[in-house]
Amino acid sequence: MIRLHRPQRPPLRAPLRATPSLSLRWRVMLLAMSMVAMVVVLMAFAVYAVISAALYSDIDNQLQSRAQLLIASGSLAADPGKAIEGTAYSDVNAMLVNPGHAIYTAQQPGQTLPVGSPEKAVIHGELFMSRRTAGDQRILAVHLQNGTSLLISKSLKPTEAVMNKLRWVLLIVGGVGVAVAAVAGGMVTRAGLRPVARLTEAAERVARTDDLRPIPVFGSDELARLTESFNLMLRALAESRERQARLVTDAGHELRTPLTSLRTNVELLMASMEPGAPRLPEQEMVELRADVLAQIEELSTLVGDLVDLTRDDAGQVVHEPVDMSDVIDRSLERVRRRRNDIHFDVDVTPWQMYGDAAGLSRAVLNLLDNAAKWSPPGGHVGVTMRQLDPSHAELVVSDHGPGIPPQERRLVFERFYRSTSARAMPGSGLGLAIVKKVVLNHGGMLRVEDTVPGGQPPGTSFYVLLPGRPLPPAGHSTPAGESETDKAEAATDPAVPVAGDTANSRESANVISVDSQSARAR
């Protein structure tokens, strides 16, 4: 017995919980508070260091001045004891050391002038002068020329009291500064983020009520530009919904007419087959069946056109090398079966594209059907493809039909648009829209002109610019009547711009020449 061991799938990881986060207003306010607190702390340290250095420097200057005054007066040599006693007062202590003879001291009650290693080095003559802080006293020791040493100290308690008060003042002022910065930051943040709040409310309103009204724009700063971008998005969404609603409405209208006619014919057929019902003449039965089949075919074509036009299957379409000569030949075979009274003048240069073969075939077939439908019986339809440059060729499909009025040229590629003269002709108004979509998806361009400008009738010519590369001739002849002048004019024609990539061409609205845009709705 064979057992199949299926690999165990790792357990699914539980979704991460949404962690609470501070609002943008609080984050901006905390950032402002942090910056102010940092500046306050740095300034407090700087002020404290400067004032502390100034106070200690002042004490050193006082001790230095008193020592110089005693030395310059000569009282230390005349009466050292009295001079030392006169020097010591308040918070100052003094000492005169004469090695081998005597030591004179004058100290305040409760204070003792400390003698450490620096002072001993001065007394022994190893150092000329020393200054240091010992405990709560600042000590100055000076070695005199006669071998004696003068030591003077001053209490630092008054200075420490001042520094303590300074620390409290800096702490209070810094705290008040941070608090003021927090309040001011909150007010500024609230005022600065008011447009963001309006934008947020508008987005929530759209999500809640589907209200696509634009948001008022104030100023010209970054938030104003953000609001304008949001308004553009709202307008695009409104236009998309409008197009969607119009598509549904138009599709329903276009489907209603053949469905109504089909239903009427089917009901008539069913009624004629009821027992006891009068039989329809055979000729009428044949015509009725033909009408039903024609209406079913019309419905199938309309539904297929709608599916091709509305679906976005860019990720499912297989792109492959496509020989446009074969595409044109197959399309011509299908059109000739429907309109065998039309003469097609074909002059095609072998050309290869990389794209969707089915989509390109549908676009070419729609162009040929369009030209054949509007050509009079026995008329001629021209189908030419010529190379413009190493990477672009131009397909031209021309007829000698009635043409299109200039005021309708901007509308012929819209879905379901049909001109007044086209309403009496069969069709759904989707053929040219499909052509436009396919051409743009393949990085091509469209332009439409009169076949015979000023003629009666003027006819219509569709010019399709297609990217690709030439193929060596294989059973197809190159255009014989094309001169070098024609090639130069085609290469420099300003109405034939070179298409960019597919994405850019798909989004461009100006791919159809405005001045020369003419076609008829099918």
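A Cβ is built for glycine as well, from the same backbone N, Cα and C atoms used for every other residue.
Feature annotation from Swiss-Prot assigns compositional bias 'Polar residues' to 502-522.
Counted with DSSP, the domain 'HAMP' (190-242) comes out as 40 helix, 0 strand, 13 coil. What Swiss-Prot lists as domain 'HAMP' is 190-242, and the listing cites sequence analysis.
Look at Swiss-Prot and you will find 468-522 tagged as region 'Disordered'.
For 1-30 (among others), the entry in Swiss-Prot reads topological domain 'Cytoplasmic', with the evidence type sequence analysis.
For the topological domain 'Extracellular' (52-167), the model's average pLDDT works out to 84. Marked as topological domain 'Extracellular' by Swiss-Prot on the basis of sequence analysis: 52-167.
Under the heading topological domain 'Cytoplasmic', Swiss-Prot lists 189-522 (among others).
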Take the topological domain 'Extracellular' (52-167) and count its residues per DSSP category (helix H/G/I, strand E/B, coil), listing them in that order.
52 helix, 32 strand, 32 coil
